[in-house]
């Protein structure tokens, strides 16, 4: 099973100080930064686009953290190259937003980014089975995408369990309403990447929440053998979770 990864969602941060908020999360031991990209079409909300991500990348080098771009957009094919040029590391599109997910995976990989697919709560997990072997990550939404601070939907966790049973070495990400109270459900089912916004950004001590999430994920990882290194895990990738890191290196080949 891949390493535990905690990815604070900047959707819960102060948009007037996004770079500062991102740096703060890295200093508080975040592994990735989860960037919610919304276009007002696929979801009713609008957030940021490639120009803002490019500015964030200028302030936060690739050597310091992975940018996990969650593309809640109606035409994900349209933006791949823009986000690659902006400094994105993972391009995670919604299965529901494209008619050609297989082709889109190839397009993403050709840019050097890692490819992920997200599914909404009502989408059956079985749609991912024909594609999973070519993916670097799968994101299971535990809220309806579009807004932060929503209530966690526990019934979605069965999808994580089904995926982990089939794909023991794949990064499985869970996003939506996760707190110190319910993150155990995701971890026990096999999620190794935890996205959280409000519960981290509104905490008095964000590092404590991040460390608690990481400890809980570790608790439910198989103890009989060491966790498998993931190409997207800070411990095995060229990307450090420490903001003092230097010497940027390219992502490993897809």
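Cβ coordinates are placed from backbone N, Cα and C, and glycine is handled just like the others.
Keep in mind that this is a model prediction, so the values were computed, not measured.
Here is what TrEMBL says about this protein:
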BINDING   9, 70, 146, 147, 148, 149, 177, 197, 198  substrate binding site
BINDING   34, 36, 70, 175  divalent metal cation binding site
ACT_SITE  36  active site, proton acceptor
ACT_SITE  175  active site, proton donor
REGION    220-254  region 'Disordered'
COMPBIAS  233-248  compositional bias 'Low complexity'
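Sequence features, as recorded in TrEMBL, placed on the structure.
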residue	record	Cβ within 10 Å
9	substrate binding site	25
34	divalent metal cation binding site	28
36	divalent metal cation binding site	24
70	divalent metal cation binding site	27
146	substrate binding site	19
175	divalent metal cation binding site	27
177	substrate binding site	21
198	substrate binding site	16
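DSSP gives residue 70 (divalent metal cation binding site) a strand state. Put simply, 9 is the one of the binding-site residues 9, 146, 177, 198 whose Cα lies nearest to the Cα of residue 34 (divalent metal cation binding site). Other than 34, 36, 70, 175, the residues of this chain whose Cβ falls within 8 Å of the Cβ centroid of the divalent metal cation site are, in sequence order, 7, 9, 11, 35, 68, 92, 139, 195. Following the DSSP three-state reduction, the secondary structure of residue 175 (divalent metal cation binding site) is strand.
Cα proximity to residue 36 (divalent metal cation binding site) (within 10 Å) is found for the following binding-site residues from 146, 177, 198: 146. Under the three-state DSSP scheme, residue 198 (substrate binding site) falls in the helix class.
Secondary structure from DSSP puts residue 146 (substrate binding site) in coil. For the pair residue 175 (divalent metal cation binding site) and residue 9 (substrate binding site), the Cα-Cα distance reads 9 Å.
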